[in-house]
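J.: Have a look at the structure that comes next, please.
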Amino acid sequence: MSAETDILAPAEADRITYTEELEARLHDRLRIQRLRSAPRGLANRLALGLALIGPGLLVMLGDNDAGGVITYAQTGATYGFSLFIPLMIPLGFIAYLVQEMTIRLGAVTRRGHAEMIWKRYGAFWGAFSLIDLVVANILTLMTEFIGIRVASAIFHIPYLVTIPLAFAFIVGILVFLKYYTWERISLFVAAFNLVFVPLALFSHPDWGAIGRTFTGSGWALPGGLFSAGFLILVSANIGTTIAPWQLFFQQSCVVDKGLLPRDIAASRRDLMLGVIGMVAVAISIIVISGQYLHDLPNAASLGDHSVLAGIGSRLGHGAMVIFALGLLEAGMIASIVITASTAWAIGEALDVPRSVNISPRRSLYFYAPAILGTAIAAGVLMLPHVPVGFLNLTVQVIATVFMPAAMLFLLMLLNDRELLGEHVNSPIRNVLSVGVMVMLIVCNGLYGIATVFPHAL
Amino acid sequence: MNNHDRFVTDTAADIAAIARTEGWLVPPAPIGRIALRPWQQAVFWGLRIYIGIMLVIMGLGFFHVAGG
């Protein structure tokens with residue numbers, strides 16, 4: 001039917017056998033190849049673009065998780081229209097800088113992040129990074145189920161119903177669908193992350209004041225630059241932007257999608273699209289909360305309930321419902337991608353067949369640990385009295401605590417010419433990446449000093 | 001193969017062809033093990049200590065706020 005069929009005789013083609021995951025991946029690759037070789041019309045180009053998006057959009061919109069939504073809301077409520085609005089743009093660039101490295105590593109080596117660390121540096125250091133990932137993932141998943149639990153209350157559905165349903169959906173699409181369908185459904189869910197943008201646009205914020213934040217207005221910090229409250233919000237906002245699971249997720253996702261070096265440019269566009277979406281959503285939430293929640297008491301410890309109640313009382317029931325929908329979606333999409341990141345990472349570490357294309361009966365060890373991790377998080381959130389609010393900030397900061405070690409492995413791999421050849425990092429990328437690591441350590445260190453010695457800074 | 005509906009136009013020859021042209025039949029190059037240099041090990045252990053200390057501080061901060 002196409003030119004490529006001329007290469008092999010049918011009988012020879014029939015003799016080739018493939019693993020289940022490879023066969024599904026080849027069908028996905030064939031779809032992309034056909035779109036590439038189709039006439040260059042607008043419809044075909046759009047279809048090709050849509051076929052190639054996935055890992056970048058998912059990782060960045062999944063990054064705006066339920067904990068992230070609340071962190072942005074706490075940030076806006078605490079500082080109003082402040083330096084955090086323009087800060088989101090450089091944070092977006094940092095996210096791009098870090099995540100782009102996983103695209104090259106995955107596309108060139110065709111191996112996931114955990115596998116690379118495990119095989120290159122041995123089981124000890126592999127376990128070192130894997131334990132960090134799994135601990136951070138379970139904690140982060142708890143914040144996702146907090147979001148789902150609180151949002152479901154707005155829709156008058158008991159959390160004892162919504163949490164098991166959400167869990168069944170997250171696990172069900174991972175276990176029973178092929179990669180392509182899983183990715184498309186996840187992208188559909190991720191699209192609802194953008195509901196915060198129209199909500200901000202129609203909430204009549206003070207655009208003049210927002211614009212002035214880009215020129216230094218509102219940058220004065222009530223508690224001072226070195227207050228624990230400010231430093232934890234800085235760290236938490238960085239933690240919502242870059243986290244260890246994102247490295248593991250995107251690289252494994254690139255591999256499972258079957259992306260190759262020739263797809264790196266398209267994957268970068270996919271990532272950039274995701275970064276733009278992430279920044280737009282983050283700024284939207286800070287704008288909404290900066291405009292309407294700024295005068296609430298204990299703003300830095302606002303829980304999901306308080307944020308939604310505040311939105312409802314100031315912007316009306318409709319806005320509260322849309323915000324709750326966004327919060328529910330944020331928890332869902334993040335749970336979907338974080339569960340997948342755990343599955344891929346543990347599958348790679350155990351060296352078992354690892355792909356969303358694999359049926360569960362063929363690779364129990366790929367699916368089971370991830371399901372267990374998500375079940376633990378969901379189970380904790382089904383308990384009647386769980387402290388939320390500050391837990392969100394704490395979990396976001398914990399992600400940044402684990403990040404320097406994860407980034408150091410990434411940087412070492414990205415400078416390994418034997419593995420990556422011409423795709424190794426440029427010196428400027430290395431300098432910028434080391435700068436990000438140092439910034440993370442300094443921010444967290446300052447927060448630590450401010451916490452233990454409140455009057456030292 | 002399970003997803004017949006999605007792949008009705010894909011023949012065995014198509015699949016075999018793309019498998020060959022994109023190199024899917026060749027396993028990825030093996031990854032040799034390399035040992036971390038002493039300074040790298042020192043940095044990683046330093047980061048491990050940093051993680052431990054920060055987790056304790058985060059716990060203190062959390063319980064301080066949670067405890068009012």
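Any Cβ shown, glycine's included, is placed from N, Cα and C.
Note: TrEMBL annotation is automatic and uncurated.
Pasting the relevant annotations from TrEMBL:
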- A:42-61: transmembrane segment (TRANSMEM)
- A:81-99: transmembrane segment (TRANSMEM)
- A:120-141: transmembrane segment (TRANSMEM)
- A:153-177: transmembrane segment (TRANSMEM)
- A:184-204: transmembrane segment (TRANSMEM)
- A:224-249: transmembrane segment (TRANSMEM)
- A:270-293: transmembrane segment (TRANSMEM)
- A:320-344: transmembrane segment (TRANSMEM)
- A:364-383: transmembrane segment (TRANSMEM)
- A:389-411: transmembrane segment (TRANSMEM)
- A:431-453: transmembrane segment (TRANSMEM)
J.: Is the transmembrane segment (A:364-383) close to the transmembrane segment (A:120-141), in the sense of at least 3 CB pairs under 8 angstroms with a sequence gap of 6 or more?
T.: yes
J.: Using a Cβ distance cut-off of under 8 Å, indicate which of A:81-99, A:184-204, A:224-249, A:320-344, A:389-411 has the most pairs with the transmembrane segment (A:431-453).
T.: A:224-249
J.: So which residues does the transmembrane segment (A:224-249) touch in its own chain, when a touch means Cβ under 8 Å and the partner is 6 or more beyond its ends?
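T.: Hits for the transmembrane segment (A:224-249): 55, 58-59, 62-65, 67-68, 71-72, 74-75, 78-79, 84, 87-88, 91-92, 94-95, 98-99, 102, 112-114, 129, 132-133, 136-137, 140, 278, 282, 300, 337-338, 340-342, 344-345, 392-393, 395-400, 402-403, 406-407, 410, 436, 439-440, 443-444, 446-447, 450-451, 454, 457.
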J.: Short question: which residues 6 or more past the ends of the transmembrane segment (A:270-293) have a Cβ under 8 Å from it?
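T.: Same-chain residues near the transmembrane segment (A:270-293) but 6 or more away: 52-61, 63-64, 68-69, 72-77, 79-82, 84-85, 88-89, 91-93, 95-96, 99-100, 103, 193-194, 196-197, 199-201, 203, 205-206, 210, 237, 240-241, 250, 299, 302, 307, 310-311, 314-315, 323.
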J.: Under 8 Å for C-beta pairs, could you tell me which stretch among A:42-61, A:320-344, A:389-411 has the largest tally with the transmembrane segment (A:364-383)?
T.: A:320-344
